[in-house]
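Quick look at what TrEMBL lists:
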- 1-82: region 'Disordered' (REGION)
- 8-17: compositional bias 'Low complexity' (COMPBIAS)
- 32-48: compositional bias 'Basic and acidic residues' (COMPBIAS)
- 55-70: compositional bias 'Basic and acidic residues' (COMPBIAS)
- 119-129: compositional bias 'Basic and acidic residues' (COMPBIAS)
- 119-199: region 'Disordered' (REGION)
- 130-148: compositional bias 'Basic residues' (COMPBIAS)
- 149-178: compositional bias 'Basic and acidic residues' (COMPBIAS)
- 179-190: compositional bias 'Acidic residues' (COMPBIAS)
Amino acid sequence: MAAHTQKNNKPGKPPGKASGKEAQPLIIAKSPAEEQRLKLERLMRNPDKLAPIPDRPKDWKPRAPPEFVRDVMGSSAGAGSGEFHVYRHLRRREYQRQDFLDKMSDHLNKDDDYLEKLEQNKQAADERTAKRRKKREKLKQKKMMAKKAKLESKNKDGDGDEKSSDSSEEEEKKKKEEEVEEPEAEDDAEAPSFIMGKN
């Protein structure tokens with residue numbers, strides 16, 4: 001009995017504590033929110049410890065059909081009573097495999113349709129963007145023509161004074177330099193807009 005007590009009561013450790021861990025009270029969560037809070041608290045007690053992240057579940061795939069079937073069953077007489085169950089099992093497995101292949105082909109078709117629809121939407125958005133760009137360019141041209149006409153009319157009025165014509169030319173040069181220096185702000189309509197709902 002003395003040997004038994006020596007094993008449990010190691011020197012240097014007070015009795016009642018097991019391997020340095022403190023006994024924590026058992027807390028039962030009453031709601032999912034409380035359960036989540038308890039899990040977070042347990043994780044945050046030791047932030048250096050890595051959190052367990054489970055791997056993604058693998059997709060189920062049927063077993064490949066056998067390359068060579070040794071026990072081919074025919075409809076002839078002489079088959080034992082267990083052969084029907086073997087046949088039924090093989091038939092069920094083959095149906096599962098065919099269902100899986102059908103689902104995979106449907107999935108691939110849906111992916112192709114989605115990518116095609118994305119491409120169509122992108123084309124439509126590019127066309128709309130080009131149309132708006134054309135419209136903006138026309139407005140710009142109109143404004144430039146109006147400016148030129150205004151400057152020409154000023155020049156005609158002020159032909160008598162050489163100073164006024166020189167000053168108007170200088171003002172025109174300054175305006176052109178300012179236009180060149182000012183970078184054009186990016187237009188929202190320049191970026192293609194994708195709209196999934198429209199056909």
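Numbering starts at 1 and runs along the chain as displayed.
The backbone N, Cα and C atoms fix where each Cβ goes, and this holds for glycine too.
For the compositional bias 'Basic and acidic residues' (55-70), the residues of the chain that approach it from at least six positions outside its boundaries are 93-94, 96-97, 100, judged by C-beta separation under 8 angstroms. Each residue in the compositional bias 'Basic and acidic residues' (119-129) gets a DSSP state, and the totals come to 11 helix, 0 strand, 0 coil. Residue counts for the compositional bias 'Basic and acidic residues' (32-48) by DSSP state, with H, G and I taken as helix and E and B as strand, are 14 helix, 0 strand, 3 coil.
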